[in-house]
Amino acid sequence: MTKTFANPQLTKNGELKHLLSIEGLSRDILTHILDTAKQFVSVSDADREVKKVPLLRGKSVFNLFFENSTRTRTTFEIAAKRLSADVINLNINASSTSKGESLLDTINNLSAMQADMFVVRHASSGAPYLIAEHVAPHVHVINAGDGRHAHPTQGLLDMFTIRHYKKDFSNLTVAIVGDILHSRVARSDIHALTTLGCAEVRAIGPRTLLPSGLEHMGVRVFHSMEEGLKGVDAVIMLRLQNERMSGALLPSAQEYFKAYGLTQERLALAKPDAIVMHPGPMNRGVEIDSAVADGVQSVILNQVTFGIAVRMAVMGIVAGNND
């Protein structure tokens, strides 16, 4: 008899109560998040006098970032505040975890303070899953990046950005370029693109920075930028994750740029209306040329803006679903 495993992200009714990974979520769930995010975009309009809605009024959201972050932590904080939540940013370096307290003991103590939601970034893959297993039924966990494993809200905001500019995934070719081996963003993007029916997903990079098994995920692999960029609709550039590398996987940053840096000449191989994306932080002159990053086809800053609406949508949806 085949043993089936329940998805820990879902309620018994199949609704999203935690967001831990895009893997295992249906197209309907992803589309619902993207559609909800579209409704929240107007909350951040510059001409809107009060940039708030009362969806999470009275709820406490704890941001627990055990790794450094600028865009993700800040946009989660803005998103929670625009939903009218009370936001607590834990200073990890000054917390009891720096004195040897375990992750679960930290979570249990914060839960005793009536936390309603934890937004967690951690260097260890699977840490948000561990937390989700041990919180009370009414508490929700959102993964803001765990090791190499997943970065689901980045994947979702990337999908929102692509859909905003390209509408329909079914005719698109999307290339993900760079250090895919160490990238949680790449994994989340690949799962999201294939789930949403993207016509073709490409991975471009040196052999040393591409994980095995990409073909089994429905990805076409290229080791040449010139070949991989031909006719693509969107290019997602990734930085070199030097902090996760062990050993000499590359000769030098300069040599990497010569082979895999996105220049205007290489971008010209894509479709004329192709968009350029990057999850940040960017390393100009390593994976992307400044002329491209700041060019007319770049939507990198728009990704950051859309990230607020997407994270508002995720928080609002999970907060409404309990077992």
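Using the three backbone atoms N, Cα and C, a Cβ is placed for every residue, glycine included.
Per Swiss-Prot, the features are:
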type	residues	note
BINDING	Arg71, Thr72, Arg121, His151, Gln154, Gly280, Pro281	carbamoyl phosphate binding site
BINDING	Lys99, Arg184, Arg239	L-aspartate binding site
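Everything Swiss-Prot records as a feature, shown here on the structure.
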{"residue": "Arg71", "record": "carbamoyl phosphate binding site", "Cβ within 10 Å": "15"}
{"residue": "Thr72", "record": "carbamoyl phosphate binding site", "Cβ within 10 Å": "25"}
{"residue": "Arg121", "record": "carbamoyl phosphate binding site", "Cβ within 10 Å": "24"}
{"residue": "His151", "record": "carbamoyl phosphate binding site", "Cβ within 10 Å": "26"}
{"residue": "Gln154", "record": "carbamoyl phosphate binding site", "Cβ within 10 Å": "27"}
{"residue": "Arg184", "record": "L-aspartate binding site", "Cβ within 10 Å": "23"}
{"residue": "Arg239", "record": "L-aspartate binding site", "Cβ within 10 Å": "19"}
{"residue": "Gly280", "record": "carbamoyl phosphate binding site", "Cβ within 10 Å": "18"}
{"residue": "Pro281", "record": "carbamoyl phosphate binding site", "Cβ within 10 Å": "10"}
In whole Å, how far does the CA atom of Thr72 (carbamoyl phosphate binding site) lie from that of Arg184 (L-aspartate binding site)? 14
Of all C-alpha pairs drawn from the carbamoyl phosphate-binding set Arg71, Thr72, Arg121, His151, Gln154, Gly280, Pro281, the farthest apart lie at a distance in Å of 16
Give me the CA-CA distance between Arg184 (L-aspartate binding site) and Arg71 (carbamoyl phosphate binding site), in Å, as a whole number. 16
Arg239 (L-aspartate binding site) sits from Arg71 (carbamoyl phosphate binding site) (Cα to Cα, rounded, in Å) at a distance of 15
